[in-house]
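Data first, discussion second: the structure below is written as structure tokens.
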């Protein structure tokens, strides 16, 4: 006998299911799941269709507001805003009424000439934008601190200069006093050296006189002895 298999099965007895994912039908990184004579793709974000071959157009919902141009990307979009308009969806900007910010998709705003003029006046009266206000606030806080730091540095340097000047004057006075003391010490030493030989000389003279008197006494005693002998 011979079996005629249904689509999706093979084998002599039609016992084997054909793997429809062998041909890798899912594009753009999709994951294939085999079915009976069929497959199913689980697509990555940003792609769709049976084989994940279609890139989803994220700009189809018109997310860009205030005349912005939408650029479709993979699983995202980018709005190119007009001058003066900012935000991911171009939702913020000068000249745009506050009620327009955060409008839901498909909503419309009244931008008639009268309303536009009124909006522009209110924006111009609102003052500077937030970044400029933050910058001015930061500068106004930093300037006094910088001035205070400069004053402290100036006072410290002036005080240090005054202390250095006092130290220099004190060193000069000490040096002058030291020179005077040296001169006095030198004079005392000289006087001592001058007076010392006289004392030595006086001592020598006294010793000579004593020796001389001693010799005379001996001579007298000798003469006395001789006289006694002769008598």
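Every residue gets a Cβ built from N, Cα and C, even glycine.
These features come from TrEMBL:
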DISULFID  5-14  disulfide bond
DISULFID  43-52  disulfide bond
DISULFID  81-90  disulfide bond
DOMAIN    1-15  domain 'EGF-like'
DOMAIN    17-53  domain 'EGF-like'
DOMAIN    55-91  domain 'EGF-like'
TRANSMEM  132-156  transmembrane segment
Quiz prompt | Cβ contacts of residue 14 (disulfide bond) (under 8 Å, same chain, 6 or more positions away) | solution = 3, 5, 6
Exercise. Enumerate same-chain residues with a sequence separation of six or more from residue 52 (disulfide bond) and a Cβ-Cβ distance below 8 A; give 'none' if the list is empty.
Key: 26, 27, 28, 29, 30, 41, 43, 44
Quiz prompt | Helix, strand and coil totals (DSSP H, G, I; E, B; other) for the domain 'EGF-like' (1-15) | solution = 0 helix, 2 strand, 13 coil
Quiz prompt | Cβ contacts of residue 90 (disulfide bond) (under 8 Å, same chain, 6 or more positions away) | solution = 64, 65, 66, 67, 68, 79, 81, 82
Exercise. Determine the Cβ neighbour count for residue 43 (disulfide bond): the number of other Cβ atoms within 10 Å of its Cβ.
Key: 20
Quiz item: Could you give the number of helix, strand and coil residues in the domain 'EGF-like' (17-53) as assigned by DSSP?
Solution: 0 helix, 13 strand, 24 coil
